[in-house]
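Novice: Have a look at this one.
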Amino acid sequence: MDKLLIQGGARLNGEVTVSGAKNAALPILCAALLAEDTLKLSSVPKLKDVGTTIHLLEHMGVKVNRQADKVDLDARHIQSLEAPYEMVKTMRASILVLGPLLARFGKARVSLPGGCAIGSRPVDLHIKGLQAMGAKIHIEHGYIEATTEHLPNKRLQGARYYMDLVTVTGTENLMMAAALANGTTVLENAAKEPEVVDMAECLIKMGAKIKGAGTDVITIEGVEKLHGATHQVVCDRIEAGTYMVAAAMTGGEVKLLNVKENLLDAVIEKLREAGAEVICDQNTITVKSDGKLKAVNIRTAPHPAFPTDMQAQFMALNTVAEGVSKVTETIFENRFMHVQEMQRLGANIDIDGNTALVKGVAQLEGATVMATDLRASASLVLAGLVAQGQTVIERIYHLDRGYENLEEKFNALGANVKRVS
Ligand code: EPZ
């Protein structure tokens, strides 16, 4: 298994180009199943989860042509309506094929995604929403068996559905299902994340009739069919936020290219509160810092509030900032796996339920730590960048799921990060 060796202490300076967003690319790749001709995508990041999704779609019969960040998908001839356990277990987002398969083919057999390190992550709202649209769904041998063959012309029926919790992929799954349903669907308490908006924009280019994406009420008027389109995936605000925190923690000046500021308001606000200078331009963000930061309180919540996917990164910042801070995680029940690893680096953190109390220390000490989930791994890289001496991060396959060319990008900014097998 690969490891990362990080020599701490370097200030980061220079420019870094932000890649396309993993959490927009995954649902948009699955949306290809809805079309009867080719969906042409660009800015698709080279990530393990993207590879897994493409592998799953090819397994179903989608013809995929991938060159660098370009991916063309042709779902004209689908042979299988099943997402098998072996594939779903490695990536929960495979659940995103359920809505499109049911909408276009009236049938789907998708393995229930297991939980993961950060929580049980049920998909009950995805299922309830599809049932509200008339689907007959039962769980058998760990698979979601869904059908619409009992419905008028075997199609999902538009419905009004209020989601108990804000769910990002739940909103995306139901939006895809509704795109080809009979009649109009209204999703209430919908997720407002930029990745949901980006996916809606792609569906609209494919012929879908969607209003309200980015607000908590999304209205989808079902159409007969969807056609192919060309779409550039929105930039990855979480990758961008990760590099911004790295620049603030190490001190230095880093300019991010291909990024939109309005996707990161809460993160920018917190970085400024911590004492970093953040300058936003058309599609660049520059972070300047002397590395001496003040601790900031963090409370995660659905967009536009502070994103849960940036919680671990700001925990790393707080471990070496001046003062005491509270980090509260309201989205997932077990998203503090990085805490015990940071304590190995000398961080002073106490957990009380879903809140961590962080007391800043003058310096972290390099040590061997273990990555447990994607964003926890990123936070350990950030801690390693400022720790004294060498930090070794094991199980970095977690990182490869969500960060394209991480060590190249950090080394180009002056860091000292080496991957060893
Ligand atoms: C998406 O996961 C992202 N993944 C996650 O990013 C992100 O952390 C999360 O949204 C929250 O922003 C992708 O987009 C591929 P949710 P998702 O459904 O959709 C509960 C990363 O690091 N819930 O919004 O799975 C759920 O347990 C990943 O890039 C139900 O109870 O998250 C959680 O507590 C990690 N029933 C809360 O809602 C459901 O049917 C929010 O989950 C669905 C969700």
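Positions of Cβ are set from backbone N, Cα and C atoms, glycine also.
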Novice: Looking at TrEMBL, which one out of Ile279, Ile285, Ile331 binds UDP-N-acetyl-alpha-D-glucosamine in the same site as Arg92, Arg121, Pro122, Val123, Asp124, Leu125, Asp309?
Specialist: Ile331
Novice: Suppose you look only at the domain 'Enolpyruvate transferase' (6-409); what would the mean pLDDT be?
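Specialist: Result for the domain 'Enolpyruvate transferase' (6-409): average pLDDT 96.
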Novice: Given Asn23, Cys116, Pro122, Val123, Asp309, Ile331 as the recorded positions, which ones have a Cβ positioned under 6 Å from some atom of ligand 1?
Specialist: Asn23, Pro122, Val123, Asp309, Ile331
Novice: Taking Cα atoms as reference points, rank the binding-site residues Lys22, Asn23, Arg92, Asp309, Ile331 by distance from Cys116 (active site, proton donor) and give the first.
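Specialist: Checking each of Lys22, Asn23, Arg92, Asp309, Ile331 against Cys116 (active site, proton donor), the shortest Cα distance is to Arg92.
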Novice: Would you mind reading off the Cα separation of Lys22 (phosphoenolpyruvate binding site) from Asp309 (UDP-N-acetyl-alpha-D-glucosamine binding site), to the nearest angstrom?
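Specialist: Lys22 (phosphoenolpyruvate binding site) and Asp309 (UDP-N-acetyl-alpha-D-glucosamine binding site) have their Cα atoms 12 Å apart.
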Novice: Within 10 angstroms of the C-beta of Asp124 (UDP-N-acetyl-alpha-D-glucosamine binding site), what count of other C-beta atoms is obtained when all protein chains are considered?
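Specialist: I count 11 other Cβ atoms within 10 Å of it.
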Novice: Kindly assign Asp309 (UDP-N-acetyl-alpha-D-glucosamine binding site) to one of the three DSSP-derived states: helix, strand or coil.
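Specialist: In the DSSP reduction, Asp309 (UDP-N-acetyl-alpha-D-glucosamine binding site) maps to helix.
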